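Chemist: Structure provided below as structure tokens; questions to follow.
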């Protein structure tokens, strides 16, 4: 009786082992954002396949083998136009991968003999890494020796990214080195890597501390802050001085206008020549002269000017030539 139970247990164990062997271990799949990924089924006897059901959180697609081509029914809208089945092998291809496509996928392969083989896949989606950026900071110490910190980073925060440095082989995104003027220039290369891509960049360090005062990037903000504070004080001061200058200039212009309005200008022509006022008086002869000519007698007489003419004479005293009054007889 005990021997019979042992045989039954052995048969059950063998059956369970065969069933477990048909279900492959979960496979890890790495996909690249925007590209495609292929889920390999490795079906040994395609002709025995009745149908294949793909699921990921919910139903994805249903494949029914046909005479010439498999019939594919996409049951989830987000995969429409992006799923393809490779004929005769029934491998599933997803194109134009998105970040939300990551997750667990399960394929239930149903054979004609009503046996089901299940395969499970874990899909991860990654971006291709761009060239990393290396930043350098240093602190000077005695004897022109400085401690240099090199930091390597990628453009965006990415998962599963590892960093390494050459020639030292440091496995970190930060590299600490000590450099002195006696050291030769060295080139340090940072390599960033994720499961689907890798990228690298290099920097050369050549006498960074020679005749260089102590420097640390954290204190680099201080001069910039002082410059901003200086500008905040200088700009309002310049604006105030300009406004004061403009107000004073306007006041001077107004005073000049008032003075010009009160000033009377007279125009004197230099070419004007004064005219002489002369009064002529002619004395007729009472008698006919004889044949013997008598000497001509000339009489000069002074004429008194009237009050009106005196006033005119007083106004014209400034002229270069005084007016004369002469009577010729």
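Each residue, glycine too, has its Cβ placed from N, Cα and C.
The feature disulfide bond is assigned by Swiss-Prot to 152-190. Here Swiss-Prot flags 263-268 as motif 'ITSM 1', drawing on similarity to another entry. Per Swiss-Prot, motif 'ITSM 2' is recorded for 298-303, and the stated evidence type is similarity to another entry. According to Swiss-Prot, the feature signal peptide maps to 1-21. Taken from Swiss-Prot, the feature topological domain 'Extracellular' applies to 22-221.
Walk me through the surroundings of each of these features.
Modeler: Classification of residue 152 (disulfide bond) by DSSP places it within a strand.
Taken together, the residues in the motif 'ITSM 1' (263-268) have a mean pLDDT of 53 on the 0 to 100 scale.
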Chemist: Please determine which of the disulfide-bonded residues listed here (152, 190) has the lowest count of neighbouring CB atoms within 10 Å.
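Modeler: Each of the disulfide-bonded residues 152, 190 was scored; lowest Cβ tally within 10 Å is 152.
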